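*Asks:* Residues or ranges marked as domain 'PAC' in TrEMBL: 67-119. The feature transmembrane segment is assigned by TrEMBL to 193-212, 322-346, 395-415, 427-448.
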Amino acid sequence: ESSFLLGNAQIVDWPVVYSNDGFCKLSGYHRADVMQKSSTCSFMYGELTDKKTIEKVRQTFDNYESNCFEILLYKKNRTPVWFYMQIAPIRNEHEKVVLFLCTFKDITLFKQPIEDDSTKGWTKFARLTRALTNSRSVLQQLTPMNKAEVVHKHSRLAEVLQLGSDILPQYKQEAPKTPPHIILHYCAFKTTWDWVILILTFYTAIMVPYNVSFKTKQNNIAWLVLDSVVDVIFLVDIVLNFHTTFVGPGGEVISDPKLIRMNYLKTWFVIDLLSCLPYDIINAFENVDEGISSLFSSLKVVRLLRLGRVARKLDHYLEYGAAVLVLLVCVFGLVAHWLACIWYSIGDYEVIDELTNTIKTDSWLYQLALSIGTPYRYNTTGSGQWEGGPSKDSLYISSLYFTMTSLTTIGFGNIAPTTDGEKIFSVAMMMVGSLLYATIFGNVTTIFQQMYANTNRYHEMLNNVRDFLKLYQVPKGLSERVMDYIVSTWSMSKGIDTEKV
């Protein structure tokens, strides 16, 4: 409930290193505005601020003392407010002052009315009304904490200052008081839920293009049920997003339900809703017109917008080389899968001319059918349509094989574009593939260089020490002891320069 600043006692002018939400609300400044400003709050001084009190505050900081003051400061909107300011130096285990803790309480209602341009119009009755409506909350703020609460606050502060193994961003240090139906965006349940959504998003990114391109009508009940369950989970996710906190522009955690709803409606709501429509269920009925069925199959591509969630989730893990490597391989495979689906769609569209009901013998699908012994044949007795050709599994594998060889610049040529449409797509794919290939394998090179950088530094140091020992003709016994010392020290410290850290 308190409002406080933490200032660095080791640097000139004692810059602020932490400001809690209470102080931001009290002063009207965002956390970013306060950081690195002086802990004396000189940025809040104004013409009515007492010069003697300013000097006493300065002396308290200069002498590393504990003290408290009643001081008039100005909010960001230049409204004058009386504060009860307490300054306390925080010492480390060597009894050296490393931080200043400055706490603030609003005591304006206990002081004489401040006469300035903004308050001259206030009547005595208005001031009395204001005092009566606000006195209860102010008295609660000024109520001293009991001993148990003081101990608890100090232990929490000690945890923050000691920087334990679980380092959290600033907005996690203060768990805001949220309504019962509001979920904190960094709690364990929300993190687990986000990973489930992430896995289902990858499933969608793989299956949707395949179903659209290969026109797999969902007569299989198992697949239909699975896709329906996925849709329901994404609908539940929309509901949860309307009840999940987010970080505001000033770095504060927003837990107001109205602001949460407005923020989600302005950002991801439309995209998430479009990606959750049950296209599969509509497409599953046998009596649906072929044109409408194709339309709904195409609309399923909208679900790929869910990949926006992946970008929102994965940026936290891009500092790890192994995670980046796995991610790049997944992106490469995913792009190859998408391009394979498009490549098949172009071949399927061009292989049979629907106007003349003839087959194009130069299409890659026709050539593939001949090469694997499953040619297309014209059914003269029945439907009068072209039948046969390779199975869908064989078609997909062949398409993926072609896109992989093209993206990796190998290109064996046993599957090659022949029609104009296929050649145009191949040119576009080569341009995309060259950029993707350069990006991915350039990053892979960088990752491996980072992995071996420490080892290279170790061998470079050993070579330098050996050259030094030879240059100055150090005796053999001493040389061996020096090398043993270097190797053993490195094995314990892993090359970390402890003084530098």
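Count begins at 1; order follows the chain as displayed.
Every residue, even glycine, has its Cβ placed from backbone N, Cα and C.
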*Asks:* Who are the long-range neighbours of the transmembrane segment (395-415) in its own chain, taking Cβ under 8 Å and residues 6 or more past its ends?
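*Replies:* Long-range Cβ neighbours of the transmembrane segment (395-415): 210, 214, 332, 335-337, 339-341, 343-344, 347, 364-365, 367-368, 426, 429-430, 433-434, 436-437.
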*Asks:* What residues in the same chain, six or more past the boundaries of the transmembrane segment (322-346), come closer than 8 Å to it by Cβ-Cβ distance?
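*Replies:* Here the qualifying positions are 202, 205-206, 209-210, 212-214, 314, 395-396, 399-400, 402-404, 406-407, 421-422, 425, 429, 432, 436, 440, 443-444, 447.
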*Asks:* Determine how many residues of the domain 'PAC' (67-119) DSSP places in helix, in strand and in coil.
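*Replies:* Going through the domain 'PAC' (67-119) residue by residue, I get 3 helix, 30 strand, 20 coil.
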*Asks:* Express the predicted model's confidence over the domain 'PAC' (67-119) as a mean pLDDT, rounded to an integer.
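*Replies:* Within the domain 'PAC' (67-119), the model's average pLDDT equals 86.
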